[in-house]
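Enquirer: After the structure tokens below, expect a handful of questions from me.
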Amino acid sequence: MSQSISVYESGSLFVRPERLNQITHAFGFALTIPAAIALVSSAVVHSDAATAIGCLVYSITLCGTYLASTLSHSFDDRPAVKDMWRVIDQVFIFSLIAGSYTPFAIVHAPHTAGIAALIAMWVLCIGGMIMRIVRRGKPLTAAEVGYCLMIGWVPLVTLPEIMSTGGIPGFSLVIAGGVLYTGGTFFLMNDHRHPAMHAVWHLCTIGGGMCHYFFLLLFTAA
């Protein structure tokens, strides 16, 4: 995800941090391709069509997020293209927030509360996407980051289903992923203070994504 890096947009400081930002999420994107194939394939083999569709939605949002983020840190010599990808990057962030919960809700929480939470998340995320398009990829404010985090923790309304599905190991994966995403926003919001902080944010998102991915692989698509 691309945030404010204007402090480093001149001189030698710009090239190295921005290249590091590019590399970290390019690495994440490279991991998501085989991971997505494995997840959807497992759902197709071991489960039903609804599970496979849910896992496919999640996989598209996951791969799209890392790809868009990588490209938003590219095209240094083409500002208009870079800005376009920054908007797409931020739109995909919202899609991943809702996409991560989609297969879980379909498979493990197909009751009123679970589906209501899923619908609410997608509605709120679509609102966030529109907001980012209107703001044309401008740096996220603290309120907007808080909005993202609020949506991201909505699945806790299905805590009993999380526990019954994955037990302590599954619950630990869900919470660890949420903590990594949430804690990582500190580095996102302070990336103007040090050129390496944005790359640390990227690593936190990779870690959080891995936690939620393995929950789905082990307990939803299996």
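Even glycines carry a Cβ here, placed using N, Cα and C.
I grabbed these lines from TrEMBL:
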type     : residues        : note
TRANSMEM : 26-45           : transmembrane segment
TRANSMEM : 51-75           : transmembrane segment
BINDING  : H73, H198, H202 : Zn(2+) binding site
TRANSMEM : 87-107          : transmembrane segment
TRANSMEM : 113-133         : transmembrane segment
TRANSMEM : 145-162         : transmembrane segment
TRANSMEM : 168-188         : transmembrane segment
TRANSMEM : 200-221         : transmembrane segment
Enquirer: Cβ pairs under 8 Å only, please: of the recorded stretches 51-75, 87-107, 113-133, which one is richest in them relative to the transmembrane segment (26-45)?
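Expert: Most contacts with the transmembrane segment (26-45): 51-75.
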Enquirer: Output the single range from 51-75, 87-107, 168-188 maximising the number of Cβ pairs under 8 Å to the transmembrane segment (113-133).
Expert: 87-107
Enquirer: Reduce the DSSP letter at H198 (Zn(2+) binding site) to three states and note it down.
Expert: helix
Enquirer: Give me the count of other Cβ atoms within 10 A of the Cβ belonging to H73 (Zn(2+) binding site).
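Expert: By my count, 27.
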Enquirer: Translate the DSSP assignment of H73 (Zn(2+) binding site) into the three-state scheme.
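Expert: The residue in question, H73 (Zn(2+) binding site), is coil (DSSP, three-state).
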Enquirer: Verify whether three or more Cβ pairs under 8 angstroms connect the transmembrane segment (145-162) with the transmembrane segment (200-221), leaving out any pair fewer than 6 apart in sequence.
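Expert: Contact between the transmembrane segment (145-162) and the transmembrane segment (200-221): absent, because fewer than 3 Cβ pairs are under 8 Å.
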